[in-house]
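Taken straight from Swiss-Prot:
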CARBOHYD  29  O-linked glycosylation site
DISULFID  126-354  disulfide bond
BINDING   143, 176, 201, 225, 331, 362, 365, 367  substrate binding site
REGION    300-362  region 'Catalytic subdomain B'
DISULFID  345-423  disulfide bond
DISULFID  456-473  disulfide bond
DISULFID  496-513  disulfide bond
DISULFID  539-555  disulfide bond
């Protein structure tokens with residue numbers, strides 16, 4: 001009897017111990033209700049808020065697995081990386097120009113934590129959205145040359161901190177022959193970071209291709225070296241590529257102020273575009289496009305062009321499509337070339353509103369270009385224009401006449417690539433992808449903005465019988481888009497500049513264009529630097545712009561009479 005009692009007590013003890021272990025290990029948390037769980041109520045998984053559910057999934061699964069994972073010898077997790085030791089040796093000394101090295105305020109950059117908090121700038125709908133659980137992992141390729149260590153470190157840490165661990169296969173840093181090899185080498189201690197160093201300066205395109213060739217994941221993510229990734233930035237990008245491997249997708253690029261490093265959310269109503277000078281610009285969506293998105297403001301945005309610094313792409317599609325033009329140098333024009341190539345060869349470009357990544361926008365480059373930045377950009381741009389733009393390349397040469405004098409090298413392999421991929425003509429691109437870009441008419445002598453210094457001729461929103469004025473050039477067309485025709489009319493849509501009174505000081509009016517109306521006849525004189533009214537021999541003048549509008553005055557050397565079209569089609 002005593003023996004049986006002893007056995008029962010032992011069994012009871014083991015049973016209690018087992019229950020305690022079960023509760024402690026989390027298996028009975030639903031039964032226990034948890035601290036503050038509310039009167040022992042069971043928390044049903046289907047009733048948990050989606051965001052909380054996602055966090056629970058990560059914390060109970062991926063992060064636990066990551067914490068148990070053994071790191072390779074010499075590697076550390078990013079929270080254990082010594083930021084002070086890495087950044088400290090390159091900090092700006094007292095009296096030094098904080099902008100000298102990087103063309104942004106390095107002192108402010110160096111003050112920030114490598115994992116600083118930034119505002120979540122996503123739309124509310126994005127914060128409630130659930131992403132596919134079977135997304136492919138990505139290799140993140142970051143190229144740099146003499147980047148500020150604090151900015152480079154924040155880029156790497158933000159990728160690791162703001163991404164589900166299982167979606168980051170690796171971060172490949174390609175050091176494009178920086179002066180100090182340790183800028184990259186020291187970061188190789190961080191988990192998942194691989195460092196490749198060029199043995200000479202190669203430039204952005206060839207460096208990115210080297211990183212892509214070394215990548216082990218099926219999806220490539222290209223980032224600049226002065227970025228900060230926002231909450232759940234990666235999942236929406238990977239999801240779009242997983243659904244269609246011919247999509248090339250970019251986040252909304254938020255602004256990191258170059259002076260104080262404040263993080264500011266960018267508008268979600270922008271698309272990438274360009275003028276005929278082939279310089280990238282941001283275009284606002286048309287009112288019709290904005291209205292069509294009111295029901296789903298976080299839907300992907302088809303964009304004619306990507307900025308080029310930040311995008312995600314299927315690795316095999318990147319290879320099939322011809323990677324980058326390896327004959328392009330340093331920086332510039334590569335986003336133009338890859339955008340044309342993707343669209344014309346069967347792919348598409350998208351901006352994904354639920355993905356946000358901050359980027360430091362600078363006013364000038366901190367590094368040197370062999371032969372000068374203008375020459376390198378013109379050479380790269382000419383290569384893109386000659387391969388992809390067909391006869392429309394002539395509008396580029398009209399906008400940038402000096403580009404004709406810049407040798408662009410051999411493009412035979414790129415022309416063969418275009419033929420092999422059965423790519424569409426540029427006319428198709430203009431009609432189907434970028435109809436907003438105005439194409440000069442065959443009757444036009446000059447086209448585009450009519451510039452006077454930093455100001456441009458502007459309708460000021462006026463219509464028939466309204467005056468015209470000048471306004472700061474915005475490079476967005478619209479009220480500042482004009483054409484000088486072979487019939488000598490200065491046109492804005494169906495309205496023409498009209499001299500109502502042929503006396504000096506008379507205001508110019510917008511009136512409906514009429515054939516053979518002498519009041520609407522203009523010609524360019526003095527090397528296309530002035531506009532003279534044919535009937536009165538008076539010149540277009542802006543001296544009275546602030547007091548009422550533009551006028552005609554006796555032609556003279558005044559700066560108020562200097563005007564230049566962005567495209568002169570007859571040089």
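Positions of Cβ are set from backbone N, Cα and C atoms, glycine also.
Feature map: Swiss-Prot annotations on the structure.
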residue: 126; record: disulfide bond; Cβ contacts under 8 Å, 6 or more apart: 232, 236, 298, 353, 354
residue: 143; record: substrate binding site; Cβ contacts under 8 Å, 6 or more apart: 173, 174, 176, 204, 207, 208, 211, 225
residue: 201; record: substrate binding site; Cβ contacts under 8 Å, 6 or more apart: 145, 176, 177, 330
residue: 345; record: disulfide bond; Cβ contacts under 8 Å, 6 or more apart: 321, 418, 421, 422, 423, 424
residue: 473; record: disulfide bond; Cβ contacts under 8 Å, 6 or more apart: 449, 451, 454, 455, 456, 480
residue: 496; record: disulfide bond; Cβ contacts under 8 Å, 6 or more apart: 489, 490, 510, 511, 512, 513, 514, 517, 520
residue: 539; record: disulfide bond; Cβ contacts under 8 Å, 6 or more apart: 530, 531, 532, 533, 552, 553, 554, 555, 556, 561
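Of the listed disulfide-bonded residues, namely 423, 456, 555, the sparsest CB environment within 10 A is found at 555.
Look at residue 126 (disulfide bond): DSSP puts it in a helix. Take the disulfide-bonded residues 354, 513: by the count of other Cβ atoms within 10 Å of each Cβ, the lowest one is 513.
According to DSSP, the secondary structure content of the region 'Catalytic subdomain B' (300-362) in residues is 17 helix, 20 strand, 26 coil. The secondary structure of residue 539 (disulfide bond), as reduced to three states from DSSP, is extended strand. Taking all protein chains in view, 25 other C-beta atoms sit within 10 angstroms of the C-beta of residue 225 (substrate binding site). Residue 496 (disulfide bond) falls within a strand when secondary structure is assigned with DSSP. The Cβ of residue 362 (substrate binding site) has 13 neighbouring Cβ atoms from other residues within 10 Å, across all protein chains displayed. Neighbour counts of Cβ atoms within 10 Å were compared across the binding-site residues 176, 331; the minimum falls on 331.
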